[in-house]
Amino acid sequence: MAAGAAAGAWVLVLSLWGAIGGGQNITARIGEPLVLNCKGAPKKPPQQLEWKLNTGRTEAWKVVSPQGGPWDSVAHVLPNGSLLLPAMGIQDEGTFRCRATNRNGKETKSNYRVRVYQIPGKPEIVDPASELMAGIPNKVGTCVSEGGYPAGTLSWHLDGKPLLPDGKGVSVKEETRRHPETGLFTLQSELMVNPARGGAPHPTFSCSFSPALPRRRALHTAPIQPSVWEPVPLEVQLVVEPKGGAVAPGGTVTLTCEAPAQPSAQIHWMKDGIALPLAPSSVLLLPEVGPQDQGTYSCVATHPSHGPQESPAVSISILETGEEGPTAGSVGGSGLGTLALALGILGGLGTAALLIGAIIWRRQQRQREES
């Protein structure tokens, strides 16, 4: 098993050699071996070299001796002077330095900055929505990526194009958790959208994980394609009793809000465009109406699948003193006025007839006396 690990390490060091030659930054996969070459060191003993490392396992620089020691399970020097780390972990991130002197007395230094990574499993969308409703916020689903290091990022896409939060029709709620033992990250991203009315009936959503380290490919979820439907607007009506909204001082007015979505709709009341501080109810009763109750009233019906819908407004007014509103089984005030006017006219005509008759009788009496 040791020979196999050593062979794998040599394969890794060969694959990293090009990167080492061009720079000192190295990335290694968690759990795999890593070999760091000590430049200028003789290939065979006797050798004059020293490895020093400063990682998450040390509080300061630690010297690793070619003669071996208690750190051999974490890092030890190979016969050719290279440093072998049998199984890289998050605590092995840090700086590694080697100083070697060849047989001619020339000193060579090597310096490496090592970072580790772990590719997470393929991300997936959990609790995907099968349908969305136009005009209101909808949860599309939650994208989850587990077991990655460093954390990386999650991104949403709509019809193959990046979907960015705008604070209006698109919002994203993100959460990052780290496992207390392994140190690996779990990312979650919840997408909310407000589809526009008249938009695409079957939009395609997907999510991708982008590693925090460069030159690493993104991982993509399987796409989902919910359907979008547009609700029929609610027809909210306001019924007032008595009809017309005119009432005598001290009378009672009953306002009833009628919405097709009842009883699941919540009804709130407005007066002169301002919400009334009342508990939701489909009926608003105004007992003993006074001047303070006059105004324009409307109701707002709110349903989870439709949003708020406001009724046409009605006006509540108080009749002037002496006026009476029409009631069932009684003669209206205007009818009484007409009757009084007719009686007055008849009385006037009768009086005029009596006066004319008296005048004619008087003239006839005078003519008789003269003859």
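The backbone N, Cα and C atoms fix where each Cβ goes, glycine too.
A TrEMBL annotation is a machine prediction, not a hand-curated record.
Here TrEMBL flags 1-22 as signal peptide.
The feature domain 'Ig-like' is assigned by TrEMBL to 31-115 (among others). Under DSSP, residues within the domain 'Ig-like' (31-115) fall into helix, strand and coil as 3 helix, 36 strand, 46 coil.
Secondary structure counts, DSSP: the domain 'Ig-like' (123-220) has 0 helix, 53 strand, 45 coil. What TrEMBL records for 123-220 (among others) is domain 'Ig-like'.
Positions annotated as domain 'Ig-like' by TrEMBL: 233-315 (among others). Per DSSP, the secondary structure of the domain 'Ig-like' (233-315) breaks down as 6 helix, 40 strand, 37 coil.
The transmembrane segment annotation in TrEMBL covers 339-361.
Mean per-residue pLDDT, taken over the domain 'Ig-like' (31-115), amounts to 89.
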